[in-house]
Each structure stands twice: as structure tokens, then as C-alpha cells.
Amino acid sequence: MNREEVTDLIVTQKVKKKLTWAQLAEVVGHSKEWSTAALLGQMTLTEAQAKAIGTTLDLPEEAVTQLQVVPYKGSLPTAVPTDPLIYRFYELISVYGTTFKSLIHEEFGDGIMSAIDFNMDLTREADPKGDRVRITMSGKFLPYKTY
């Protein structure tokens, strides 16, 4: 059983058991954002976390073991995404990526925002014109070194 098959099984069991990502995050013991990334194959669970998820979702031992293996991160297809929601993020980076880069460099200097030392929070924001999605990302600034 590979990581993609484990992810498919997790999603199937989540739907079958009528669980939310937030409920599964409580089992994992981390934020819903990090836990969802882990359960979708992008992070590594500890043995205790993997066993707890395995019990909650009735996963086979092989899947529980696979959840403890460091995944190949960023393993989404490299083509332009076709899923409408994921494409909007692609579009957002295409339009605002140079703005993010310019403003971060102006504020912090030459470097990058870490996706390793990173936090994310996703919430619903009530709006009379239609609810909005609020995503807050916080990554440590890592300056490039000269040598």
C-alpha cells in the first residue's frame, strides 16, 4: 500500500464515518490545517498518532505504518491544476506571487518564507455579501547567506 492509496482510504473512511477534518485533528492532536495535510499525505505522523487515526478510521496496519513514513512532500502533479479551488491558488500566486516576493524582500531582505517552520489557520468570515475564506499563513523568514 503506497501513500496515495492510504490517502484515498483515509478520505473514504472519513466520509463513511461522517467525520470532519477538525474531528480527525483532535485525534491527531494538532491543528486542523496541519492534521489535514498529514492525512492527505504531506506530513509524517508519530506512531501514537498513526495508531490513533488507524483505530478511528479502521485502517489496516499497513496504512498505519505508511503514515509514519516521511512522505515525498509537494507531490502534487506539476501541470497547471484543473481542480477549480486549487487552480484559484495557482492563479493567486500567478497574479500576486511577484507582489509577495517584492514586499517580503522589502520588509525582510533577500530570503524566503519557510514552509517548514510554518503555521496556517483557515476560518470562515461572515460577510453580508457571502461568507469569505480567511487564510492566515505564518512562516519563519530565512535569509540567504553570503559565503
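Heads up, the Cβ atoms here are built off N, Cα and C, so glycines get one too.
Per Swiss-Prot, the features are as follows:
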type	residues	note
ACT_SITE	Arg88	active site
ACT_SITE	Glu91	active site
ACT_SITE	Ser114	active site
Query: Where does Ser114 (active site) sit in DSSP terms: helix, strand, or coil?
result: strand
Task: For Arg88 (active site), name the DSSP secondary structure in the helix/strand/coil scheme.
output: helix
